[in-house]
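Per TrEMBL, the feature DNA-binding region maps to 149-249. According to TrEMBL, the feature domain 'Response regulatory' maps to 6-119. Feature annotation from TrEMBL assigns domain 'OmpR/PhoB-type' to 149-249. Residues or ranges marked as 4-aspartylphosphate by TrEMBL: Asp55.
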Amino acid sequence: MDNRRTAVVVEDDRDVGDAISGLLAKAGFEVTVASNGIDALAVIRDERPDLVTLDLTLPDIDGVEVCRQVRLVSDCYVIVVSGRTAELDRLIGLEVGADDYLVKPFSMRELQARVAALFRRPRSSDLVSPEAAAASQQAHADATPDAFDSRTGCDDLLVDSRSREVRVDGEEIELTRTEFDLLAHLVSHPGVVVAREDLLRAVWSTDFVPDSTHVVDVHLANLRRKLRAASADDQWIRTIRGVGFRFDPCCA
């Protein structure tokens with residue numbers, strides 16, 4: 001059985017596409033190149049890749065819409081590679097589900113580091129819950145307890161790192177990889193203020209810090225919106241102005 005990782009390079013510039021696909025192939029990926037959005041979406045639906053690099057300026061469909069459609073069918077890592085330098089474009093890309101945003105021109109070494117950082121993200125194989133983490137944070141990584149319910153106001157919150165599911169009052173919430181990793185990290189440190197920089201290092205790996213802490217703000221805004229839609233009491237994640245964020249397992 002072939003266990004190689006797979007990647008789809010979505011790029012209408014042939015030279016850039018060849019350079020990215022060559023880099024990924026050398027890194028051990030099985031690579032497919034798509035030069036437009038329609039072909040890219042078809043390939044992604046069929047192949048379910050581990051990674052997608054996505055140019056925003058495509059000849060048929062805007063890359064932002066492609067990213068939005070990808071998120072409907074896949075939880076793969078998505079790195080936007082674009083010549084659009086405006087901060088708004090970067091934030092929009094992250095808001096629709098991209099894990100990282102790389103501005104052209106960029107070095108292949110930088111892309112390689114970004115890809116490696118995404119695949120080094122910590123993945124816990126255990127159940128993460130506010131009550132369990134509060135009781136024993138040190139034992140959390142090794143323990144495999146039964147599922148826990150965490151009462152927060154009128155609703156229950158369960159974060160299951162084994163199945164990578166989040167449930168509020170028994171109903172599953174669909175999160176992206178990044179949203180789940182941010183929530184799991186905050187839940188594993190209940191009552192502790194976690195700085196944006198620490199979240200960047202924890203979720204995007206210690207070797208990679210994106211250019212702006214807006215990355216954290218955008219993904220957390222999406223996460224909180226989804227939690228709010230599922231619960232009337234959405235105060236689990238609190239913003240500590242000028243510092244970072246805190247997970248409160250028992251909100252008043």
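Yeah, the Cβs are placed from backbone N, Cα and C, and that goes for glycine too.
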Integer mean pLDDT for the DNA-binding region (149-249): 78
DSSP-derived class (H/G/I helix, E/B strand, else coil) of Asp55 (4-aspartylphosphate): coil
